[in-house]
2 protein chains.
Amino acid sequence: MQRILSTELAGLVEKPGEKVTIAGWVHRRRLLKSVAFLIVRDAAGLSQVVVTDPRTREQLEQLPEESVVEVTAVVTANEQAPHGVELTAPVIHELSRAAVPLPFELHRPALGAGLPAQLDHAALSLRHPTRALNLRIAAAAAKGFREALEAQRFVEIQTPKIVESATESGANVFKLDYFGRPGYLAQSPQFYKQLMVGVFERVFEVGPVFRAEHSDTARHLAQYTSLDAEMGFITDHRDVMAALTGTVAGMLGEVTERTGYACPEVPAEIPAVHFAEALRIAGAPADEPDLAPAHERALGEWARREHGSEFVFVTGYPMRKRPFYTHPDPADPTWSNSFDLLFRGLEIVTGGQRLHRYEDYVEALDNRVGPYAGYLDGFRYGMPPHGGWAIGLERFVARLTGAANVRETTAFPRDLNRIAP
Amino acid sequence: MQRILSTELAGLVEKPGEKVTIAGWVHRRRLLKSVAFLIVRDAAGLSQVVVTDPRTREQLEQLPEESVVEVTAVVTANEQAPHGVELTAPVIHELSRAAVPLPFELHRPALGAGLPAQLDHAALSLRHPTRALNLRIAAAAAKGFREALEAQRFVEIQTPKIVESATESGANVFKLDYFGRPGYLAQSPQFYKQLMVGVFERVFEVGPVFRAEHSDTARHLAQYTSLDAEMGFITDHRDVMAALTGTVAGMLGEVTERTGYACPEVPAEIPAVHFAEALRIAGAPADEPDLAPAHERALGEWARREHGSEFVFVTGYPMRKRPFYTHPDPADPTWSNSFDLLFRGLEIVTGGQRLHRYEDYVEALDNRVGPYAGYLDGFRYGMPPHGGWAIGLERFVARLTGAANVRETTAFPRDLNRIAP
């Protein structure tokens, strides 16, 4: 099919009379008395087609919005039209006709339908520019993640999504029938990425992870895209934080470059506060074991006020609140060599240094290595000090775009109540 | 940790006497009478350390192969050593000690262990250069896939891996408990990528797919990485084949650039034969419904002999052997607008034009849309003619590298008998 994109019309302003073919969706029709306008939407944008011929108008009247058409017409300059060009004397070829009525309209600036209706008809609602933009931002962020890490010698890996035992916690794991035996959907690529540090020193993975979240919130999904990285030969978690800082900057840079979306600046050194100090800043009791959402918000405000930064690291979370593979702070093992990265007052990244000696794992697990034996075997063959992080892509995009619900940042969300479409 | 990589030693040939720190794995020790050699392996390559000091030698004797060390030593020119430099007067700092004995040795050119032992101790076997190279090739191929498609306006998507019903066939699908209801692991992103053509016109996904293969062969995995693409506004499957040809060329180009692995050339136009002609070339009866492995091999030999090409397209497979979403050949609906791409006599890509009108799906399914209702709803809102393909990454890498078993091209394979590590 020889067609040009709507954005290519701009280059034809000086070529009136030229015949071109465009193709796309019937975005909107305006059927006036003496003339009809057809707005065609393609992946790049909109084009305006002017219909005066009575037969063509009759044809257009039969083509509901979202039908797919190919239009061959004549380039005519018009400063009012998109790209300064409108198309006249069209021949419209119908490629497929949309069913009527549509469950909701797409041509208004905001989608009128509520979120449940949008999700029920995702194939339609995602065509709206506001919804499509979030997915373009997600794609650009993933690309920026990979490119920033490749520039830092990280190698991409693919790891199993069906595992023998829960990695993070047995509570929110999906169970399946694996050739007659029990299997589980991986909650993270945690152990695999650690083991692969033994092969490539630095690795990353962009892939789905699964959490059987039994509560229905605006920030949790049963499947989300995890941007994981892990690196060896570190001194401690601060080396990981430095690599992450450059990576987040690369992600936001790519988002702006590819989508034009205005992103906040990432400081060369993101402000970092120890957990104990974070509690003081947030006005929380000194014996709190973790940060509540209100504390995270207070820290976000503090970072903006004191450092002009939308980002802030909280380091050294108490060991008892971090997973067993976390490396303790050598100076005081109450605390850990871990961190969270808050973005606008919400945790979007969790990371830290991990244990790297087999015997330390055995001790951390109180000798009950049973369910982890298959993974931990690899730690017996020499592993360097290492650490890494995981970013939830959908939550990152929601925070960036201000989406109220993480379901607005993924195409076909999965949750407690939703397994289709 | 301030360290340099083994490959950076080459730049220090002219700086004898300089003190440097390297870090990595004890790849090999050679304990001679008057001197000992320590070969350190890092992600970039090997370094040679010369030990003459008796105390350091004693320390080295206690460090089995695969232990992790940091070595600070003096640069000394030696044409025989890797990168023209050896490191003398070392101070060795042990980072972690490997367990003894290792299940197999890593320092020989070929891995001595059989495949089952390699897979049981994947975290160790993958450190061998031959195994690690396959994974580097896979990473480069995935990168080349994404970059070639982004250059052609494709947008990356993420789709659900837990679905309501089987996409391809109910026979080899994994079933799971989804919040008390039945759910299934996606066998492909087929319908999702098609629906997303309605949003972005051109989309791709790199992600895991799941097949409960009940037979234990050298070419099947229960989880593999599928490189999927789908594009709208095509005339027919030949537009898809052209996009795929450029994409495969991009993949192999990236593999050579990033790993140095010598890849075959992809012709600007890959030879294509219709299924009926393919049967004749392969010497198969004219009423065969599909190509057997021997036929594929014969076609591969024919393409090399007649066209000097390692690749050949077979087009127009009989409709009865293709999935219900396949678009028939408008000239003769016995045949389909589909194709397979054979690489060195083995199918590595399946693709074609799909149905794009809702009513055609209803007819193809004999009015039994039931299990597909959630997906097909999207086809009611106007879809352009479209098509796409899926490449199995592991099988592609196996064909490229000559690996006898697809399990040699993935880090932690899953099959009928294996769910760990």
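Note: Cβ is positioned from N, Cα and C throughout, glycine not excepted.
In the three-state DSSP classification, A:P82 (site 'Important for tRNA non-discrimination') falls within a helix. Here TrEMBL flags A:P82 as site 'Important for tRNA non-discrimination'.
Sequence annotations record features per position, and here TrEMBL assigns domain 'Aminoacyl-transfer RNA synthetases class-II family profile' to A:145-421.
A:R354 (L-aspartate binding site) has a Cβ environment of 29 other Cβ atoms inside 10 Å. Residues or ranges marked as L-aspartate binding site in TrEMBL: A:E168, A:R211, A:T350, A:R354.
Per-residue confidence over the region 'Aspartate' (A:190-193) averages out at a pLDDT of 96. According to TrEMBL, the region 'Aspartate' annotation covers A:190-193.
Taken residue by residue with DSSP, A:R211 (L-aspartate binding site) is part of neither helix nor strand, so it is coil. Marked as ATP binding site by TrEMBL: A:R211, A:A212, A:E213, A:R219, A:H220, A:L221, A:E347, A:G392, A:L393, A:E394, A:R395.
Of all the recorded positions listed here (A:P82, A:R211, A:T350, A:R354), A:T350 has the Cα closest to the Cα of A:L393 (ATP binding site).
Here the region 'Aspartate' (A:190-193) has long-range neighbours at 157, 159-160, 167-168, 203-205, 228-230, 323, 325, 372, 375-376, 378, 388, meaning same-chain residues at least 6 beyond its ends whose C-beta is under 8 angstroms from one of its own. When Cβ atoms from all protein chains are considered, those within 10 Å of A:R211 (L-aspartate binding site) total 20, not counting its own. Checked against A:R211 (L-aspartate binding site), the recorded positions A:P82, A:H220, A:E347, A:R395 differ in C-alpha distance, with A:H220 being the nearest. Of all the binding-site residues listed (A:H220, A:R395), A:R395 sits in the most crowded Cβ setting, with the most other Cβ atoms within 10 Å. Nearest Cα neighbour of A:E213 (ATP binding site) among the listed recorded positions (A:P82, A:T350, A:R354): A:T350. Between the C-alpha atoms of A:P82 (site 'Important for tRNA non-discrimination') and A:R395 (ATP binding site), the distance comes to 34 Å. Packing around A:E347 (ATP binding site) is summarised by its Cβ count: 18 other Cβ atoms lie within 10 angstroms of its Cβ, all protein chains included.
Taking a C-beta cut-off of under 8 Å and a sequence gap of six or more, A:T350 (L-aspartate binding site) has these contacts in its own chain: A:S338, A:F339, A:D340, A:W389, A:A390. Each residue contributes its Cα atom, and for A:H220 (ATP binding site) and A:R354 (L-aspartate binding site) these two points are 25 Å apart.
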